[in-house]
Amino acid sequence: MKTLAKLHAEKGIWMTDVPHPDCGHNDVVIKISKTAICGTDMHIYQWDDWAQNTIPVPMTVGHEFVGVITEVGPEVSGFKIGDRVSGEGHITCGHCRNCRAGRRHLCRKTLGVGVNRTGAFAEYLVIPASNAFKIPNNISDDMAAIFDPFGNATHTALSFDLIGEDVLITGAGPIGAMAAAIAKHVGARNVVITDVNDFRLDLAKKMGATRTVNVSRESLKDVMTEIDMHEGFDVGLEMSGNDMAFRSMLECMNHGGKIAMLGIPGKDTLIDWNQVIFKGLIIKGIYGREMYETWYKMVAMLQSGLDISPIITHRFKVDEFQQGFDTMGSGLSGKVILDWN
């Protein structure tokens, strides 16, 4: 079968042929319809330090997908051939304390599809049936293909009560922009998002952000005055991993504010702990999606009118994958879909 794989320890992704995967007793085989390119895939493509220390070579990559089940293992129940599914890309052990307590997103032994094991950029993918998630008929393949990053946005945005709150989002990449849409959908008052990329700020505006701020030209505190904010933001969603963005967020939070962090700052990031301690801030780290509460929330929001369709800006046939990666790397895109049909 055809796959997109990391074949060499250097920049790039290559199309290759590999044997059709076998179906285990508790697995499902999924014929892939569409995939999306993730920021993680771009790290693997660029072959940066993280990728060099993490990714085995050769390996099929990719973890954002939708497809149709073509085979089910003999021990599988609840799924059948023909079911349209996406899937949770974090494979957990099922035996540790967190897994047994229903906190599978905190499993210490998590393996990532397309990171630590064979990925979804392929004609067929095998995953444990417990990681598959059925897609309702009124949700499109394009939407289902981005459930992984949509889930990151959902998990982050819904970590704290947003009703009537003023929300600051740092980082207007696809996940940040989707978080803006979610925050408005669930009842936030002001949703302000910061970045230095005008294309992505414009996209965040289309997604529902109250105010976008290019911090290379505007002061966030001036914008707070403009929109009649006097006490600071109630909730912060840190999506950028940028040290300066995080420090700015801390300065602009209200006393008693809450921050959910999905972005990964540098290991040596310096912050003013006075901002955290004397403001009584709560900071929560976010990894992946809650299994599977986040997935049900995503479906419920889409079915109740949440529109995140503007986040998909480009679509390519899988044979045009190089254009897809070039587009994603340009900074002038939202989500990029690869069609495997």
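These residue numbers are counts, starting from 1, taken along the chain as shown.
Cβ from N, Cα, C; glycine included.
According to Swiss-Prot, the Zn(2+) 1 binding site annotation covers C38, H63, E64, on the basis of sequence analysis. Within its own chain, C38 (Zn(2+) 1 binding site) has G62, H63, E64, D148, P149 as residues 6 or more apart in sequence whose C-beta sits under 8 angstroms from its own. Classification of C38 (Zn(2+) 1 binding site) by DSSP places it in coil, neither helical nor stranded.
Listed in sequence order, H63, G114, V115 are the same-chain residues six or more apart from T40 (active site, charge relay system) with CB atoms under 8 A from its CB. Per Swiss-Prot, active site, charge relay system is recorded for T40 (among others), and the stated evidence type is sequence analysis.
Positions annotated as active site, charge relay system by Swiss-Prot: H43 (among others). Sequence-distant neighbours of H43 (active site, charge relay system) (same chain, 6+ apart, CB under 8 A from its CB) are W50, A51.
The Zn(2+) 2 binding site annotation in Swiss-Prot covers C93, C96, C99, C107, and the record cites sequence analysis as its basis. In the three-state DSSP classification, C107 (Zn(2+) 2 binding site) falls within coil. Cβ environment of C107 (Zn(2+) 2 binding site): H90, T92, C93, C96, N98, C99 lie under 8 Å away, each six or more residues apart in the same chain.
Per Swiss-Prot, the feature NAD(+) binding site maps to I175, D195, R200, L262, G263, I264, I286, Y287; the stated evidence is sequence analysis. Around R200 (NAD(+) binding site), the C-beta neighbours below 8 angstroms that are at least 6 residues distant in the chain are A172, G173, G176, A177, G331, G334.
For L262 (NAD(+) binding site), the same-chain residues that are 6 or more apart in sequence and have a Cβ closer than 8 Å to its Cβ are N152, H155, T156, I175, L237, E238, M239, I286. Looking at C96, I286, the binding-site residues in this record, the fewest other C-beta atoms within 10 angstroms of the C-beta turn up around C96. In the three-state DSSP classification, G263 (NAD(+) binding site) falls within coil.
For the binding-site residues shown (E64, D195), fewest C-beta neighbours within 10 angstroms: D195.
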